[in-house]
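Notes to accompany the following structure.
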Amino acid sequence: MTEDVYERIMEIARRRGFILPAFRIYGGARGFYDYGPLGALLKRKIEEKWREYYVHKEGFMEIEAPNLLIGEVFEASGHVEHFIDPMTHCSECGEFFRADHLAEEELGVDAEGMSPEELEDLIREHDLRCPECGGELAEVTEFNLMFDTNIGPKEGRTGYLRPETAQAIFIQFKDLYRWARQKLPFGVVQIGRAYRNEISPRQGVIRLREFTQAEAEVFFDPEEKEYPGFERYADEVLKFYPIEEQRKENGEMLEMSVREAVEEGMVSQPIGYFLGLTKRMLNEMGVPNEAIRSRQHLPEERAHYASDCWDVEVKLERFGWVEVVGIADRTDYDLKKHSEHSGEDLRAFRELEEPKIVYRPEPVMKELGPRFKSDAPKIAEALRRITAESEDELKGGLTVEVDGKEVEVPPECYEIVKEKVTGERFYPHVIEPSYGIDRILYCVLEHNFDPEEGVFRFPAWLAPIEVGVFPLLKRSDMVEYARRVARMLREEGFTVEYDDSGSIGRRYARADEIGVPYCVTVDHETLEDDTVTIRDRDTTEQVRVEVDELADVLRGLIDGDLEFEEAGDPV
């Protein structure tokens, strides 16, 4: 591809209605874009392909929750404390910058995970200046990326626009577990808007302040080492870029199957499964194998909730390797935190192979009440969640977490009870595949773009407009017939563009530019025998078919069940 491929794609995207800067008549704002008619159709098809994999094939449940959540949710999840980026600004022009990204761009170093103090030292050591005006950069501070607001008038309850869709799933775990017949593993998905007040978004649609996430939260028993259906994607060959290779001076990507990566201990079965699934999905969208890799997060860049995380990255001409999917092992972090903060028991239950003796603290409310007042019920609930295999573990007092604070509970506030149990409660672990739909959409545009012809060559099923319908000439009889064909195809469920403006060659060129895979032309012969021609975008070859068979033929072509050469009589 040529160096200006991003500009070429975005010029077509703006001109033809894929992607538009938002608020243009008021000067726009970084990090916000609109999808035009073609972009909205393309985005919907990407989302439906994602649903095909996760809802239909995996059988996961889908929910829809509010975009605005109460503050307690994010205090429990750790986002209020940890969802921060390092920020600096120019003391002269006032422009703001994300400090680690600025250091990486200007110095070519890896600044991910550096503390504000370390970044401050780096900036001063190399005398980094404002890239906009050359002014001096101010102190590096921490900036929370969540948009906050008040819920209700005056000083209402604090709320946040969600920075991820996941939290609503975790806080509904009790009902979701019940709907899953209390069996693990099970998955829950959500597609929706997420919001991050990025400090200085400068990469077009790659870094947005409002974007669409498609996330799955897959709950499983950590004692079960095998993931059901693992064989489905076990033989997918991926390019792995683990931590060890990243830390080498000349580290390399390791090409191997998901099965081999699991056998070598590089990834767990659940993570490997979803890496393989994601690669296959991206292939279906026209992203080639050589442009896809799976990179493991370094410890310093890992999110506060993750024990391991792998990004599926796609190679782009301007931006290099860009994360489009993150697959994180969130362990039991979220369920445990929400249990501690809410007082609700968000555990699952497993049967034991043999009964066993356990010891647990039974709260003594007449001691807890006077000592802890209004916190006593939550402390009692936290005590009831504790079990031990020996009585000695519970003697001498206990420490529990309530509302994010550790509370020391003296031994007189509980009695030690011995029980014989046939099962036990535990916090399920969670694997989270999180897809950035907007980034995937741009990757689809770039990797299906033909720079020589200046057209998009989407897979037929993915094209926003599936069929163009044209009269050969702008004669009333041909126009009327072509409009009837277009209406019939729309009623059959196809996305159709009717066009009778300009020469037939110009109409084909306009359709090719936006990736229309098949164009139907009504000509003189149509008026005589009710046949039309179908033109293939990529070969420009044409076949003639009967109008009565047109919908079935097009459906076979778009679904990949019919070869073009077999679709009709060659013209």
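Just so it is clear, glycine is given a Cβ too, placed from its N, Cα and C backbone atoms.
What Swiss-Prot says about this one:
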{"type": "BINDING", "residues": "Arg98, Glu164, Phe211, Thr212, Gln213, Ala214, Glu215, Glu432, Pro433, Ser434, Tyr435, Gly436", "note": "substrate binding site"}
{"type": "BINDING", "residues": "196-198, 206-211, 323-324, 436-439", "note": "ATP binding site"}
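Each residue contributes its Cα atom, and for Arg207 (ATP binding site) and Arg98 (substrate binding site) those atoms are 12 Å apart. Comparing C-alpha positions, Glu198 (ATP binding site) sits nearest to Gln213 among the binding-site residues Gln213, Glu215, Pro433, Tyr435. Put simply, Arg209 (ATP binding site) is 16 Å from Tyr435 (substrate binding site) when counted between their Cα atoms. Summarising the substrate site geometry, the residues cited as binding it (Arg98, Glu164, Phe211, Thr212, Gln213, Ala214, Glu215, Glu432, Pro433, Ser434, Tyr435, Gly436) extend over a maximum Cα to Cα distance of 27 Å.
When the binding-site residues Phe211, Glu215, Pro433 are screened for a C-alpha within 10 angstroms of the C-alpha of Arg439 (ATP binding site), the residues that qualify, in sequence order, are Phe211. Its own atom aside, the Cβ of Glu198 (ATP binding site) has 20 Cβ atoms within 10 angstroms in the protein chains shown. Between the binding-site residues Phe211, Tyr435, the minimum number of other C-beta atoms within 10 Å of a residue's C-beta occurs at Phe211.
When each of the binding-site residues Arg207, Arg209 is scored by how many other Cβ atoms sit within 10 Å of its Cβ, Arg209 comes out lowest. When the Cα of Glu215 (substrate binding site) is compared against those of the binding-site residues Arg196, Arg209, Ile437, the shortest separation belongs to Ile437.
Arg196 (ATP binding site) has its Cα within 10 Å of the Cα of these binding-site residues: Phe211, taken from Phe211, Gln213, Pro433. The Cα atom of Arg98 (substrate binding site) lies nearest to that of Arg209, taking the binding-site residues Arg209, Val324, Ile437 as the candidates.
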